[in-house]
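**Q** Before I ask anything, let me first share the structure, which is written out below as C-alpha cells.
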Amino acid sequence: MPNYFFFRPPADDPAFAFQAPAWDDQGDGLASNYYAHSCPGVEEIARAVLEEAVGRDGRVGASLLRLHFHDCFVSGCDGSILLDATPELQSEKAATPNRNSARGFEVIDAIKAAVERECEGVVSCADLLAIAARDSVVLSGGHPWEVLLGRRDSLEPNFKGANTDIPAPNSTLSQLIAAFANKGLSTADMVTLSGSHTVGFSRCSSFTQRLYDHQRSGSPDPDLDPELLRHLQRLCPRGGDANAIAMLDVYSPARFDNSYFANLQLRRGVLSSDQALLTVLSPSSSSENLSEDSLVSGVLVEAYAYDESRFLEAFGEAMVKLGSIAPLTGDRGEVRRDCRVVNSDEQ
C-alpha cells in the first residue's frame, strides 16, 4: 500500500547523493566533517534507520523536524527535549508545546542504537536529531544541506524554557518576530522556517478557537478561507476530540514544497501563527522596525509562493542557522549513551 503521508523519491533521485553546498565550519566548534575520522558512516547509518521508520509511519519525518526545532528553541540544540523526566526534573516532553504532540523519540532511539553499534560513545543525540531533521526534509522532496556537527548533549532538561520560548500556535506576527529575534534569527529566517508547515499535522486544540470563537468574538476568524473553515469544523467539531489532527497543508501534505506559502495567500493557513505572516503592521501601532519586518514577511511569502527553488534553498540555509543556536561543544555537556537519560543516571 502506498504511503500517503510521506513522499518517497525514486532510489536514483539525485537528492540522495547529498551533493549539497558545503558550509564553512563555524566559530562555535561545529563542522560538517566533525565525524570524518571518528564515525565516518554516521549519516548513512542514520538515514537507513530513518527510511525504515518512514516506511512504517509516514508522519514521523515531520515530527522529527518539529522535534529539532523545539529542541533548538529552548536551551539551544542540545538534545534536551529527548530526556525523560526524573524524580528531580520535569521533562520538556511534558511542557505545553510538546505534551501529547511531540513524537518520534523511538526513531531517535533506534538511530542512536545503530550508531552506537558502529561508533560507541562518539556521536551525540543532539547531532543525530539534526541529521534526522535534514533527512526527513529530503525524504519528502526537499533540498539537502550539509548539517554542521559536533554538538554535545545537555545534562538536564529545561521544562520552564520549553513552556516560554517556543512560539505558540496563536502567536501574532509581532510575537513571532520577537521570539525568533531572541534566538538570533531574523524575520526572513522566521518566515522561511515557518515553511516547514508544508508537511505535518496539528492537533485541533491548536486552532479550534479560530473556528468558533476567534478572539472571544463568538464567530470564526474572518481571515480563514470559508472552504477551509468548513473542512476544519468537520474535523474538529465543538466539544470534539482536542487531540484529533488536521493536515497543516491540505493540498500537498506529503511533499516538502512551497504550497504552504500559496495557501497563505489564499487565506488557507491552518494556524493563526501561519496566517499571521501576512499581517501588515502600521508604524502607528508598532515600532518602525516591526512595521518594516511585516513588509519583509509579506514580500517573502509572495516570493516563496512564486519560486519554490528559492524557498527550498533558503530553507536549508535557515536550518543551518537554527541548528547553530547555542550548541554545547568542547567539554560542556556529554555524549549520551542513551538519548533519554544522562549517563550518570543509566541503570
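Backbone N, Cα and C atoms are what each Cβ position is placed from, and that goes for glycine too.
Where the annotation comes from TrEMBL, it is an automatic prediction and has not been curated.
A quick note: this is a predicted structure, and the numbers were derived from the prediction, not measured.
Okay, these came from TrEMBL:
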ACT_SITE  H70  active site, proton acceptor
BINDING   D71, V74, G76, D78, S80, E92  Ca(2+) 1 binding site
BINDING   P167  substrate binding site
BINDING   H197  heme b binding site
BINDING   T198, D249, D257  Ca(2+) 2 binding site
DISULFID  C39-C119  disulfide bond
DISULFID  C72-C77  disulfide bond
DISULFID  C125-C339  disulfide bond
DISULFID  C204-C236  disulfide bond
DOMAIN    29-343  domain 'Plant heme peroxidase family profile'
SITE      R66  site 'Transition state stabilizer'
**Q** Among the recorded positions listed here, C72, V74, C119, C125, C339, whose Cβ has the fewest other Cβ atoms inside 10 Å?
**A** C119
**Q** How many neighbouring Cβ atoms, not counting its own, are there within 10 Å of the Cβ of C236 (disulfide bond)?
**A** 24
**Q** Say you check the Cα of C236 (disulfide bond) against those of the recorded positions S80, C119, D249; which is nearest?
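**A** That would be D249, nearest by Cα distance.
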**Q** When you measure from the Cβ of D257 (Ca(2+) 2 binding site), which residues in the chain that are at least 6 apart have a Cβ under 8 Å away?
**A** G141, G142, T198, E308, L312
**Q** Give me the mean pLDDT over the domain 'Plant heme peroxidase family profile' (29-343), rounded to a whole number.
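**A** Across the domain 'Plant heme peroxidase family profile' (29-343), the average pLDDT comes out at 94.
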**Q** Filter the recorded positions C77, C119, C125, H197, D249, C339 down to the ones within 10 angstroms of H70 (active site, proton acceptor), Cα to Cα, kept in sequence order.
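**A** So far as Cα distances go, the recorded positions lying within 10 Å of H70 (active site, proton acceptor) are C77.
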**Q** Fewest other CB within 10 angstroms, which one of the binding-site residues D71, D78, E92, D249?
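**A** Output over binding-site residues D71, D78, E92, D249: least Cβ neighbours within 10 Å is D249.
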**Q** Just to confirm: which same-chain residues, 6+ apart in sequence, have a Cβ under 8 Å from the Cβ of the residue listed as 'heme b binding site'?
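**A** In sequence order, the residues whose Cβ lies under 8 Å from that of the residue listed as 'heme b binding site' (at least 6 apart) are L248, D249, Y260, V270, L271, D274.
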**Q** Which of the recorded positions listed here (R66, G76, S80) have a Cα atom within 10 Å of the Cα of P167 (substrate binding site)?
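**A** Those near P167 (substrate binding site) - Cα within 10 Å - do not exist; the answer is none.
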**Q** So which of the disulfide-bonded residues is most packed in, judged by how many other Cβ atoms lie within 10 Å of its Cβ, out of C39, C77, C204?
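**A** Result for the most crowded candidate: C77.
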**Q** When the Cα of V74 (Ca(2+) 1 binding site) is compared with the Cα of each of the disulfide-bonded residues C119, C125, C204, which one is closest?
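**A** Closest recorded candidate to V74 (Ca(2+) 1 binding site) by Cα: C125.
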**Q** Among all chains shown, work out which of the recorded positions R66, H70 has the most CB atoms within 10 A of its CB.
**A** R66
**Q** Of C39, R66, C119, C339, which is closest to S80 (Ca(2+) 1 binding site) if I measure between C-alpha atoms? They're all recorded positions.
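**A** Of all the candidates listed, C339 is nearest in space.
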**Q** Please identify, among the binding-site residues D71, D78, E92, the one with the smallest Cα-Cα distance to C125 (disulfide bond).
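**A** Out of the listed candidates, the nearest Cα belongs to D78.
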**Q** With a radius of 8 angstroms around the mean position of the C-beta atoms of T198, D249, D257, what other residues of the same chain does the Ca(2+) 2 site pick up?
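**A** Result: G195, H197, V199, Y251, S252, P253, R255, F256, N258, S259, Y260, N263.
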